[in-house]
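What Swiss-Prot annotates here:
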type: ACT_SITE; residues: K176; note: active site, proton acceptor
type: ACT_SITE; residues: H295; note: active site, proton acceptor
type: BINDING; residues: N124, T174, K178, R296, H328, S380; note: substrate binding site
type: BINDING; residues: K202, D204, E205; note: Mg(2+) binding site
type: MOD_RES; residues: K202; note: N6-carboxylysine
type: SITE; residues: K335; note: site 'Transition state stabilizer'
Amino acid sequence: MSYSQTRTQSKAGYDAGVKDYKLTYYTPDYTPKDTDILAAFRMTPQPGVPPEEAGAAVAAESSTGTWTTVWTDLLTDLDRYKGRCYDIEAVANEDNQYIAYIAYPLDLFEEGSVVNLLTSLVGNVFGFKALRALRLEDIRIPVAYMKTFQGPPHGITVERDKINKYGRPLLGCTIKPKLGLSAKNYGRAVYECLRGGLDFTKDDENINSQPFMRWRDRFLFVAEAIHKAQAETGEIKGHYLNVTAATCEEMLKRAEFAKELEMPIIMHDFITGGFTANTTLSHWCRDNGVLLHIHRAMHAVIDRQKNHGMHFRVLSKCLRMSGGDHIHTGTVVGKLEGEKGITMGFVDLLRENYVEKDLSRGIYFTQDWASMGGVMAVASGGIHVWHMPALVEIFGDDSVLQFGGGTLGHPWGCAPGATANRVALEACVQARNEGRDMAREGGDILREAAKWSPELAVALEVWKEIKFEFEAMDTV
């Protein structure tokens, strides 16, 4: 498509033909309204396409525009409904990359629908030929639109009341191997981990209902393990039973069975399952008093490339609106991608009620969550006891620290592995509360605790040389 302007006066009384997008959709004098949905796009225009035209094209193709003028434009008020590119900034130290700020009127979006929101913002425009690459970096949801969403089924405060645990991060573990265990052996591993001191165990995201372990069998053996561990420890325990399924009807059937077994929490793969399924399940969880753990499988397909796709902070905001009580966020110190400033930026967007604009952490807009419940951050992936001081310092209390291999890989077995993590956690929390420097004294804190815990001493020896030192790709 050429960007030269062509116009023909039609008999219908409008200018037919193709004209530059910037004539209609680039409005640098526009001041966004409090009710506008705002978006920050990282654009890489094709050679010869000015950034103003590229930004206007994004605004047009994600709102009311198409490639040519149409006579039906005369039947509505385009000035009321169109998206507007109101600012463009060059990206520092990047060639031919720009941040385009676009404002969308609220009437373009269905109330309470993340599906409709994303269909516009990250729809066909991402295949637009005028752009070599396009990435949605951040969005600002106005309070007027935020109030149309239920948000998390319960939120952080209600979850703590449900499980009666306060003043520390929660401890979890993904059962390994992730695939291949029978339901009975799976339940045995759950029991050993929970009796050893963990608060939660977890289905891997891959576990649904495969030939080696059908979902109903898994639910039954896990329920037996949880009730037995609770009776022995006097603590409330949980296991994230993955109810993700091929249909919403099957998903809800599995959720109902978990409720019948008196399970406190279930799990959903929200990206592969889809936002319609996730919002449906979130509403069910609130109505039925069940917590909802969210896994982000497939997120890196969408968010890992720096110049194309959608940043995880956008997915985080959408998940909080759609609903979930926990979500995986990366660890900063483990095996998965995540730079500290960027990671804690979207962790704050998940947990806090009001987050100020902070470009150093990738936060392009101030976000008011209008008292919506918070989502607990889950740090999971390649972490072990030596990481505990850093994890406690980085993530704080409102988090779940999830040690899979770091529990089940203990030489003495699952229960000692869980005990090692629980001792390490409580030692670090006590040291933090006493005002000790976790960054400088973390190793000493663990070694002191290990004098009274042979399980921790063995774990410290096994994983003393394990590090994951790669440069993070997700940077400002």
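Heads up, residue numbers simply count up from 1 along the chain you see.
Each residue, glycine too, has its Cβ placed from N, Cα and C.
Here the features listed in Swiss-Prot are painted onto the structure.
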residue : record                       : contacts (Cβ under 8 Å, 6+ apart)
N124    : substrate binding site       : E61
T174    : substrate binding site       : T201, K202, D203, D204, S380, Q402, G404
K176    : active site, proton acceptor : D204, G404, G405, L408
K178    : substrate binding site       : D204, N206, I207
E205    : Mg(2+) binding site          : N242, T244, D269, H295, A297
R296    : substrate binding site       : D269, F270, I271, F312, L315, L319, I327, H328
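Classification of T174 (substrate binding site) by DSSP places it within a strand. Within 10 Å of the C-beta of H295 (active site, proton acceptor) we count 28 further C-beta atoms, all protein chains included.
Across the binding-site residues listed here (K202, H328), the residue whose Cβ sits among the most other Cβ atoms within 10 Å is K202. Excluding the listed site residues K202, D204, E205, the same chain places T174, I175, K178, D203, N206, I207, Y240, N242, M267, H295 with Cβ atoms within 8 Å of the centre of the Mg(2+) site Cβ atoms. Across the residues annotated as binding substrate (N124, T174, K178, R296, H328, S380), the two Cα atoms farthest apart lie 37 Å from each other.
Every protein chain shown contributes to the tally, and the Cβ of D204 (Mg(2+) binding site) ends up with 18 other Cβ atoms within 10 Å. In the three-state DSSP reading, K202 (Mg(2+) binding site) counts as strand.
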